[in-house]
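Enquirer: TrEMBL lists these features:
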- His306: active site (ACT_SITE)
- His352: active site (ACT_SITE)
- Asp407: active site (ACT_SITE)
Amino acid sequence: MSHSTMLRSLSQQLLRNNKNLLSAAGVRQASAVSGTNLKDVLEKLIPEKQKEVVEFRKRKGSAKAGEVTVDMMYGGMRGIKALVTETSVLDPDEGIRFRGYTIPDCQKLLPKGAKGEEPLPEGLFWLLVTGSIPTQEQVKAISKEWIERAALPNHVITMLNNFPSNLHPMSQFSAAITALNSESKFAKAYAEGVHKSKYWELVYEDSMDLIAKLPTVAAIIYRNLYRDGSTPCAIDNNKDWSWNFTSMLGYEEPSFTELMRLYLTIHSDHEGGNVSAHTCHLVGSALSDPYLSFAAGMNGLAGPLHGLANQEVLVWVTKLRESLGGEVSDEQLRDFIWNTLKSGQVVPGYGHAVLRKTDPRYTCQREFALKHLPNDPLFKLVSQVYKVTPDILIEQGKAKNPWPNVDAHSGVLLQYYKMTEMNYYTVLFGVSRALGCLASLIWDRAFGLPIERPKSYDTPHLRKLVGDS
Ligand SMILES: CC(C)(COP(=O)(O)OP(=O)(O)OC[C@H]1O[C@@H](n2cnc3c(N)ncnc32)[C@H](O)[C@@H]1OP(=O)(O)O)[C@@H](O)C(=O)NCCC(=O)NCCS
């Protein structure tokens, strides 16, 4: 083993040990957060964190956190350290950690549904908001609260029922969320002159209400478009958030509910700079209420380079199947992928702005498939695409990350359970993304973050600034 390889392996080992310790410390911390009411827990936590940030900024407020180059400014701000997001951090090689916990950590530590093996998204939300792994009771309390807050105002139902069937499900989803702002407690209290120190409480209330209502909004859209407008079943007090969602969609297979618990957990958050999270944070900084802020984020998620990629992957794989038939050789697959690239398109589901390895959200969905649908032909095809694509993207030499992301796998699982309507997939992503965006929005207001307003230049000014005139 060469010296540098040895050093690298040693430092990776140290990093792993350190991270294991971190996780262990986090789990111990969880038992210290008592009570099942999330707002009460936050009420205790927020002053401590506010103090920490005030003191940190006093000590280090003028310390430099990085540099900005001209390329970064023209290059989509890639790599600029410019945002504070408490809920998760994305490591280019390792993938996402939610409050310090990896996806496998969450699968192991977060409470499960009755007879289930996958984490409940309610627990992930608790973790994102508080930083601690919740108990079964705390998660049960969230499920109960979301059931109590789930009712939709009539005008939103009427609006959804009147949308034309050619309006994309994501447009319907975003419009309904915007219209739900008739219910905003934040907007009402703001208009009445509420004190700034109370903002987080009102954002919390709106966030809990909105998350509770999203499955019903999403189910109405689904049934209007694909189930002849039939009404979703009533919410059942004994089911968790995901289970009620799958029932309202009309899917009763327990392993589909398990998939949805996993899906809604892993799509929730991907640190703060991605389009949906950043948009929600930005719009929220203008003190637009959580409904308006999150709807703005959903319009970003609807873009094909972001959340819509899960739809694009399935469209692409379907074309692949149509043009090459059932069994496909690696050689045929390579030709198809090269043709995609030569026609100036991206291979959907591959590449990432930050990640430089296979996305752990891809890996855990692959593991789900290996467990529940190992012989599914579409799963086999997607696995074959995984085998072939990275080498082609490396050979082409453009994509900085040739590995698959979350969207490369999700559609296959949905297809297996007969949810074949690809246009709908991004709505599921959106329901999940609410957990991360809104947990962050609560902390944005708890920290009293100001309106976001970075400086921009035109090219002549920028050239002058860097001495190029
Ligand atoms: C995710 C994505 C938008 C990141 O964009 P990015 O940070 O600009 O990515 P890179 O820096 O690696 O891009 C460099 C070049 O490689 C290309 N590239 C990146 N991913 C590619 C892919 N999957 N297929 C083909 N080309 C790709 C880019 O289009 C860009 O080409 P250009 O120089 O001609 O403009 C990009 O990888 C992509 O379009 N992937 C496919 C869509 C997708 O899966 N989105 C979901 C993300 S979770």
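Any Cβ shown, glycine's included, is placed from N, Cα and C.
Because TrEMBL annotations are produced automatically, they should be read as predictions rather than curated entries.
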Enquirer: Residues with Cβ closer than 8 Å to the Cβ of His306 (active site), same chain and 6+ apart in sequence?
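Expert: Sequence-distant Cβ neighbours: Asn274, Val275, Ser276, Gly300.
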Enquirer: Any idea what the Cα distance is from His352 (active site) over to Asp407 (active site), rounded to a whole Å?
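Expert: Computed Cα spacing between His352 (active site) and Asp407 (active site) is 11 Å.
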Enquirer: Restricting to the chain of Asp407 (active site) and a gap of 6 or more, list residues whose Cβ falls under 8 Å of its Cβ, or answer none.
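Expert: Within the chain, Asp407 (active site) has Cβ neighbours under 8 Å at Gly307, Ala309, Asn310, Glu312, Val313, Pro348, Gly349.
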Enquirer: Could you tell me which three-state DSSP class Asp407 (active site) falls into?
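Expert: Once the DSSP labels are grouped into three classes, Asp407 (active site) ends up as helix.
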Enquirer: Just how many other Cβ atoms lie inside 10 Å of the Cβ on His352 (active site)?
Expert: 21
